[in-house]
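Have a look at the structure below before the remarks.
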Amino acid sequence: MELKTSALTEELIKLPKEIRNLLSGGIAGMAAKSVVAPFDRIKILYQISSAEFHISNVPKVAMNIVRTEGLQALWKGNTATMIRVFPYSGIQFMIFDRCKTFLLREQEMTYVQQKITDPEAPKPTWGMTPLQSLMSGMLAGASSVCVTYPLDLTRAQLAVLRRRSDAPNLRFYQIIAQNYTNRGLPGLFRGITPTMMGILPYSGIAYSVNEQTKRRIQNMTGRDVTTVERMVCGGLSGLIAQTIAYPLEVTRRRMQTIGIIPTSGTDAAVDSVGKGSSRAGAVEAAIRAVTPTKPPSMAAIVRELYAEQGIPGFFKGVTLNWFKGPIAFSISFTIFDTVQSRLSTESERELRLPKQQTS
């Protein structure tokens with residue numbers, strides 16, 4: 001087994017660096033999302049309803065879902081999530097690493113040239129600046145959203161649809177087809193405006209905090225960060241980024257699921273969990289309920305949410321994110337770094353490490 005693993009690793013190392021980073025990022029994202037999928041489903045149900053959120057009610061909602069739909073229902077929509085998150089996470093990590101590699105090589109070349117003309121030139125602090133890591137993270141996040149948004153829309157819709165005994169669930173590709181049939185191409189990108197507005201600070205801050213904290217440790221110690229340090233850095237980045245971008249996430253979920261399930265009343269997403277599914281809110285009927293009429297604008301959704309719940313409505317479920325966010329980011333950043341290092345050449349690993357001071 002060890003020989004087979006080694007042989008596979010050697011073959012993967014021969015692939016272009018961008019492909020290796022795409023694979024590493026995809027694997028990291030899938031692992032993280034699978035762990036926190038049950039929390040994501042419960043959070044989405046709260047985000048799209050007017051039910052008041054209390055962290056103490058989360059176990060009750062989870063038990064209601066399990067009792068009425070089965071344990072697997074906590075991972076409902078996870079197939080679409082996995083299909084989406086592999087390219088989404090892979091593209092993010094690939095683009096960010098491409099930016100980082102370019103900047104580090106430029107930094108190295110500049111320092112070498114300075115040493116030629118001035119042997120006493122001081123060594124600069126190794127690594128990306130906060131602004132560079134912020135902009136690289138924003139570019140990585142925006143690119144991944146543009147490529148994978150239709151799958152994110154499908155994931156959100158699957159998460160709020162309930163199981164019905166006399167009507168089988170639609171598959172993710174059937175929901176994509178239904179969205180396109182009902183609204184055309186715009187139907188596949190409903191809610192992308194708040195998504196793009198949210199992903200820029202979200203991705204930028206997450207990658208920047210993670211990169212800067214790791215780089216600070218590396219420059220202070222002259223060694224690579226440990227696994228525990230990676231997890232702490234990743235968790236901190238997730239906590240900060242998700243809190244700042246959370247209001248736009250709530251707005252996005254409302255836009256994505258409008259027309260599928262009521263946002264208030266006894267038939268609202270959270271209120272209806274565990275109360276049966278005999279009404280026309282089952283999968284096929286619910287998708288067909290999304291009429292071809294133009295959906296509300298982002299501004300209209302914001303006004304409606306504010307009138308309905310006030311400022312707290314934009315942060316409903318954020319405490320759940322404070323629990324799951326650091327876990328997901330710790331897992332994804334740590335797994336990516338680990339897999340990337342395993343699939344890197346010696347020169348690639350040396351470039352990522354801080355350069356020692358030379359006389």
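Cβ coordinates are placed from backbone N, Cα and C, and glycine is handled just like the others.
All annotation found in TrEMBL is predicted automatically rather than curated by experts.
What TrEMBL annotates here:
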type   : residues : note
REPEAT : 16-102   : repeat 'Solcar'
REPEAT : 128-216  : repeat 'Solcar'
REPEAT : 225-342  : repeat 'Solcar'
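Helix, strand and coil counts under DSSP for the repeat 'Solcar' (128-216) come to 73 helix, 3 strand, 13 coil.
With helix defined as DSSP H, G or I and strand as E or B, the repeat 'Solcar' (16-102) counts 76 helix, 0 strand, 11 coil. Over the repeat 'Solcar' (225-342) the predicted model carries a mean pLDDT of 75.
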